Amino acid sequence: MEVSSASTTDDSFYSNAVQYWSEIPPTIDGMLGGFGHISQTDIRDSKLLLKQLFNSKEPPGRGHALDCGAGIGRITKHLLSDFFDRIDLVEQNPKFLSQAEQYLGPKLQEKVNYYSVGLQSFKPEKQYDVIWCQWVLGHLTDLDLVTFLKSCQSGLKPNGVIIIKENISSSEDIDKDERDSSVTRPLSLFRQIFAKADLDCYRQVKQRNFPKGLYTVYMFILRPQKQHVPDE
Ligand SMILES: C[S@@+](CC[C@H](N)C(=O)[O-])C[C@H]1O[C@@H](n2cnc3c(N)ncnc32)[C@H](O)[C@@H]1O
């Protein structure tokens, strides 16, 4: 089945999101749509996932991580900085990135780098052990998401992985949110997108203990598909 574009009017899809986020305060509550109180629960399961990944066969290194759609740096501060020597943050809203400088504090400043750009225009210039994408990919069209994931692949070190943590729709349909100009995708569509981007889903884990009424959230660990060496 073809992966359809999330929006046929990509320009307004992106500019409406920029407009929406420009009015959101640079706080944890702002990042999580008024659900700042779920941050610890979110981080707890993410930490467990990373610990298990580092205990697995052929784990990624602990040198460099990329935090995609980083906002004010919530994930960098509470998760990635515990595991990695250096972290780059990519985020399209400059107000959030300048708040990140304060929020992360002087000690973490020494190990972070900022890119103020939309993911639809971002191409990794460096090589990363882990590329973490959380609660942002619904802001990319399907086509841009495939392109983004492909370019992330070329930005992975040996044994590097892409980790996606996103809301999942409860039906087979895409839920569109006109307010923040995003989409929530069903699992089946994520699977198609991973395949289009030549990625294997090595693990798929459901977030636990979120309040009732929120979307189901899954974490996916993705690896470049193994190259098939033709028989001689
Ligand atoms: C729901 S917040 C999540 C922030 C962070 N990932 C976290 O979990 O704390 C979504 C973030 O994605 C950013 N964003 C939205 N569209 C984006 C795009 N096209 N490229 C990069 N960042 C984007 C927003 O500015 C906002 O900071």
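Just so you know, glycine gets a Cβ as well, placed from its N, Cα and C.
GLN120 (S-adenosyl-L-methionine binding site): 17 other CB atoms within 10 A of its CB, across all protein chains. What TrEMBL lists as S-adenosyl-L-methionine binding site is GLY69, ARG74, LEU119, GLN120, GLN134.
Other Cβ atoms within 10 Å of the Cβ of GLN134 (S-adenosyl-L-methionine binding site) number 21 in total over all chains. For ARG74 (S-adenosyl-L-methionine binding site), the number of other Cβ atoms no farther than 10 Å from its own Cβ, over all displayed protein chains, is 23. Note: LEU119 (S-adenosyl-L-methionine binding site) has non-local neighbours CYS68, GLY69, VAL90, GLN92, CYS133, VAL136, LEU137, HIS139, LEU140, ASP144, PHE148, i.e. same-chain residues 6+ apart with C-beta under 8 A of its own C-beta. Under the DSSP three-state reduction, GLN134 (S-adenosyl-L-methionine binding site) is assigned to strand.
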